[in-house]
Structures are given as C-alpha cells and as structure tokens.
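What TrEMBL records for this protein:
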- 13-128: domain 'LD-carboxypeptidase N-terminal' (DOMAIN)
- 108: active site, nucleophile (ACT_SITE)
- 171-286: domain 'LD-carboxypeptidase C-terminal' (DOMAIN)
- 202: active site, charge relay system (ACT_SITE)
- 272: active site, charge relay system (ACT_SITE)
C-alpha cells in the first residue's frame with residue numbers, strides 16, 4: 001500500500017466535478033476548506049454544464065486529469081456525485097497519480113474512482129462529504145473528514161438499537177461504497193477484489209426489490225463469500241412496491257449472508273445522510289461488533 005501524504009496547513013487542494021453538474025455554488029464549502037488552512041482551486045467542471053453533466057466527458061476527464069497530475073495539488077475533492085464518473089474513468093491516465101498519490105475524496109457516484117484506484121493501485125481514498133454536501137453535513141461528519149485528511153485519529157465507536165448486529169471480529173482492508181455503483185463496475189477492470197475485505201455499502205432512492213436484486217448479484221458473483229466483515233451504512237429515501245416487498249434492508253442483507261460467520265454492522269453513519277462520517281478505503285481496519293455496539297479501528 002502506498003499512502004498519500006496527509007495534509008498540512010497551506011496545502012493546495014482541487015475541487016472537480018467528474019459526474020453531474022452543480023446547481024448553485026459551493027462557496028460555503030470553499031470557505032470551510034480555507035478555514036482548515038487549505039488553498040482551494042476549482043476546476044472548469046465546477047462551473048460547467050452539458051445536459052445533466054458538469055461539462056461533456058472530455059472536459060470532465062481533462063479537469064480530473066489536470067488535478068491528478070498537478071504536483072502542487074495534494075488532494076482532489078469531487079464536488080458532487082450524481083452520474084457520469086464511469087463515462088470518463090477509462091480516459092484517465094493514472095501514471096503520475098500512482099507515482100505520487102494524493103487523496104481523492106467523495107461518495108455516491110465517486111465509488112467508481114474508489115473501486116478503480118484500490119483495485120488498480122492499492123492507494124487509499126476517502127469516502128466522505130463532498131463540497132456540495134458540506135452545507136447540510138453535520139459538524140461531526142466534517143470533522144471526521146478533516147481528521148482523515150490531516151492524519152488524525154478516525155477510529156469510531158457507536159451504539160444502535162434499530163436492528164441487532166451480527167457479533168464478531170474481523171480484520172481486513174476497508175472497501176466498498178454505493179451499492180448500485182459497485183454493481184455497475186462488477187466484472188470490469190474497476191471491480192475491486194472483495195476477498196478478506198471489510199465491505200461497506202450504502203444507497204439512496206432505491207426500491208427494496210432493487211436492493212434485494214443487487215445483493216443477489218453480489219452473492220451469485222461470489223463477492224460475499226470470503227469477506228472479513230460487512231458494514232451497512234445509510235439506505236435512505238427508499239421506495240416500496242405495491243404490494244410491499246415485505247422485508248427491511250437489514251432482513252434483505254441477512255438473507256444473503258446468514259450462512260457466513262463474519263461480523264455484520266448495521267446503521268453505520270455514512271452514506272447519503274447529513275451525518276456522513278468519513279471512511280478511509282484501502283486502509284486495514286478491525287471491525288468489532290456486539291449486538292448493539294460497533295467499533296471500527298484503523299491499524300496501519
């Protein structure tokens with residue numbers, strides 16, 4: 001594993017938009033980053049639009065490429081998710097990035113980048129709040145992002161009562177992201193190896209039957225067989241069918257993994273939620289679960 005350097009006050013960071021275009025502005029997010037002592041550079045894609053995208057594919061790819069290549073840029077924030085990263089991933093030359101890694105930050109559609117970078121280069125990335133979500137993000141979630149970027153403690157422990165965890169302890173590289181995006185890269189060069197990993201998944205706006213179908217896809221592809229642990233984040237704004245599907249997300253998950261013995265944590269505060277805590281994908285972690293308690297510890 002080749003770790004990007006942690007940030008220091010005075011470092012320059014870039015904001016680019018590899019997916020959907022931005023409604024409004026991200027001035028408040030820029031101010032927050034500046035408050036962390038960072039110099040902020042916004043790419044052309046941040047203020048561009050082309051149909052639903054932040055500029056056409058070539059513009060978005062060039063913007064991301066420039067940020068990855070620029071030696072003065074120490075971290076690259078995706079301004080928002082939406083859709084479009086998969087359309088440009090094969091246009092990106094990661095040669096300079098692989099030699100001189102820097103932090104890539106985002107969630108949702110940015111799962112394409114997380115998965116591709118981890119599988120191809122083993123370089124850690126950060127699943128966390130994006131500039132467009134800074135405005136609604138809790139102070140706690142933004143602090144976890146700042147801590148992850150500046151090399152401070154990001155271990156996390158919480159209690160929940162909604163659905164019992166499967167107790168256990170597992171150790172492995174943390175990976176995952178948005179469930180629908182993980183399915184979209186399944187079988188491609190961007191598909192990460194799940195074996196012996198701690199897998200995190202989240203999603204938004206899906207129907208219950210769709211979540212069931214996607215998890216069946218992972219199970220039938222052998223992706224759930226050899227996990228070291230499973231973390232279920234936010235599954236929000238869900239839709240039900242008529243008649244109702246008949247299972248909760250937690251029940252859908254347990255149907256797919258009941259035969260295995262690794263720990264399963266529910267209600268982790270990450271995903272399409274205001275309290276979207278940062279996760280450092282590509283780092284080794286220990287996941288410890290009791291029925292109502294979860295602890296995630298970074299060990300490398």
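Each residue, glycine too, has its Cβ placed from N, Cα and C.
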Using C-alpha atoms only, work out the spacing between residue 202 (active site, charge relay system) and residue 108 (active site, nucleophile) and round it to an integer in Å.
8
Neighbour tally for residue 202 (active site, charge relay system), based on other Cβ positions within 10 Å of its Cβ:
26
Determine the Cβ neighbour count for residue 272 (active site, charge relay system): the number of other Cβ atoms within 10 Å of its Cβ.
19
Can you count the other CB atoms that lie within 10 A of the CB of the residue listed as 'active site, nucleophile'?
27
Per-state residue totals over the domain 'LD-carboxypeptidase N-terminal' (13-128) - DSSP helix, strand, coil:
52 helix, 24 strand, 40 coil
Limited to the domain 'LD-carboxypeptidase N-terminal' (13-128), I'd like the whole-number average of pLDDT.
98
